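Heads up: the structure comes next, in structure tokens.
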Amino acid sequence: MRETAVTPVQVTGTVLTTRRVDAYHALTVVAPGVAERFRPGHFVSVAVGGPQTSMLTRRVFFVHDVKPDYGGTVEFVFTGRGPGTAWLAERRARDTLDLVGPLGRPFPLPRDPATCVLVGAEYGSATLFTVADALQQRGCRVDFVLGAASADRVFGALRARRMGETTTLTTEDGSLGMRGRVADVLPGVIADVRADAVYACGPMDTLRGVTAVAVEFDIPVQVAVEERMACGIGVCMTCVLPVIGDDGVTRMVRSCVEGPVFRGERVRFDDVGTIPFDALGAPGGGTRNVG
Amino acid sequence: MSVDMRTYLGHVELGNPITTAAGCAASGAELAQFFDLARIGALTTRSITMAPRAGRPTPRVAETPSGLLNAVGLQGPGVDAFLERELPWLAQRGIRTVVSIGGGTVAEYTALARRLTDAPGVTAVEVNLSCPNIEDRGRVFARDGAASAEVVASVRSVMRYDVPVVAKLSPDVMDIVSVARACVDGGADALSMINSPIGMSIDTEAMRPSLAAVTGGLSGPAIRPLAVRCVWQVHAALPSVPIIGMGGVLTGRDAFELILAGACVVAVGTALFHDPYACLRVLRELEELLAARGFHRLADAVGLAHRPPGTSTRHRIDLEESSL
């Protein structure tokens, strides 16, 4: 039940508001064409550095929120640590941004009401709130597990507490919630709420841990990967990772167009950053690869 | 005033001089979401190989000042899937298609050309010579005129007579003119330049090379002067050979620069990662620029920078003569 891709648009969006959220920055941009096509799990790409920029790759961000104001706005969250996001962090209201979106395949949603655990690490949590919204509209029960290295990097704890039946927080330094990582507390949460499905977003090692737990409980897990991208539209071939297809064959697929949402058990997390020897077209891959 | 933007690649007429650079437009369908690909002169495919290729491990790109280092490793579906799905898709939409081919041996290039020779929808074949030659300790064909010419001659010999064969040259050579001349002598109908020169960057946080493959091809405006130099030198030596110029074209002005140096077709590559509409924007800007300078035809501007100092531009002579 793969969601079909929607046609992205390129817009010059006007920055509506900027705010700091703990360790992160959030920008709300008026982008009508993007907002109206948006579905949970989609992301947007932004050109950084202005018209004479020396930064040629676009920066991609999951969408935190979509509102109908001013014809449609999208909000995204970022850290501001690299030169591109530092430029974004300096944007002020009424500045314009070159935005392309919505991009990627969104999260598939259950047809019937179900109990879903939404797991987010660091600012990967940002993408979960539109998912939670869509799930609740379908009568699903939503529980959150959010975590990060420290309290100021747990994104959206307050909103999760308002939306979720339960919210479990983890930090690696113990400054908020339970000490540890999201995958450590997830088995308890799944058992307590009798979860039917897991939705997750965050760094690759978090997703690996979350997927392992869901597989243990034999429930479906949808993960949105944060792979490094340069274009976001499928032309640069940068954001590939090994994913097992319906036919059982591993392919190096682009997380921007074939993802960013994958069934967790299909992603070969242990092999991310490599070309597995049995992947289609791998060097020395044997007779299967001979054209 | 509209400018006649038609141009020729060998004997093949293109509606306008803008194409995508090899490996920068995936299968074509990705960009078709944004604009009608039939509006650009041609689409150049990624380099097609005999077998499917998974490419290089990640990280595959690193951003450098006004540039992009990449080591994708020719990831692609292989010639069977290309002929079955991607080429018919392009042909059905009337998109002129330059098929780039890559191989590890002369025999592999020849086999690819043989597969393409009867396929409908091939406007031209671009031979990616920057592939490691398995039979020569992995050194790329493009580094040597004789090796390049051998590939070109063998592809030319099996390709249909009415499909131009384009040799894509690398700037990582001592004398690009001699390689260009060897390719033309080998039967190349046109030349394209430049393929991305090899560069490297080191992540100073991790204190490791930024790319998994250690080195990668550098593209983007950082290499534009290199491209202009190569096009200039080759056009000066071989003025009758059509040149597809590429290397860091972001705007119509950049395309015009390559045209003045001697290119009659300009490919847009890395700019597509930044702006999906880059091809159409470059085309529009180029047309406006030509019109603003009083050109009626694109062909009048090709190689115009080579005219001796002190002479006025050809079209101005035309205008003066007609007014007499």
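Backbone N, Cα and C define each Cβ position, glycine as well.
It should be emphasised that the depicted structure is a prediction, and the values quoted were computed from it without experimental measurement.
When averaged over the domain 'Dihydroorotate dehydrogenase catalytic' (B:9-290), pLDDT in the model lands at 94. The feature domain 'Dihydroorotate dehydrogenase catalytic' is assigned by TrEMBL to B:9-290.
DSSP classifies B:Asn195 (substrate binding site) as coil under the three-state reduction. Marked as substrate binding site by TrEMBL: B:Asn70, B:Ala71, B:Val72, B:Gly73, B:Leu74, B:Asn128, B:Asn195, B:Ser196.
Residues annotated as FMN binding site in TrEMBL: B:Asn128, B:Lys168, B:Ile194, B:Gly220, B:Gly247, B:Gly248, B:Gly269, B:Thr270. DSSP assigns B:Gly247 (FMN binding site) to coil, not to a helix or a strand. The Cβ of B:Gly247 (FMN binding site) has 32 other Cβ atoms within 10 Å, all protein chains considered.
Sequence annotations record features per position, and here TrEMBL assigns active site, nucleophile to B:Cys131. The Cβ of B:Cys131 (active site, nucleophile) lies under 8 Å from the Cβ of B:Ser47, B:Leu74, B:Gly102, B:Gly103, B:Gly104, B:Val140, B:Phe141, each of these being in the same chain and 6 or more residues away along the sequence.
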CA pair B:Asn195 (substrate binding site) / B:Gly247 (FMN binding site), Å rounded to integer, equals 8
Students should find that the binding-site residues B:Leu74, B:Asn195, B:Ser196, B:Gly248 with a Cβ under 8 Å from chain A are none
Under a three-state DSSP reduction, the secondary structure at B:Asn70 (substrate binding site) is strand
CB contacts under 8 angstroms to B:Asn128 (substrate binding site), restricted to the same chain and 6+ apart in sequence, sorted by sequence, are B:Ala22, B:Ser47, B:Ser100, B:Ile101, B:Gly102, B:Lys168, B:Asn195
If you tally other C-beta atoms within 10 angstroms for each of the binding-site residues B:Ala71, B:Val72, B:Leu74, B:Ile194, the top scorer is B:Ile194
Excluding B:Asn70, B:Ala71, B:Val72, B:Gly73, B:Leu74, B:Asn128, B:Asn195, B:Ser196 themselves, the substrate site's Cβ centre has within 8 Å the residues B:Gly23, B:Ser47, B:Ser130, B:Gly216, B:Gly217
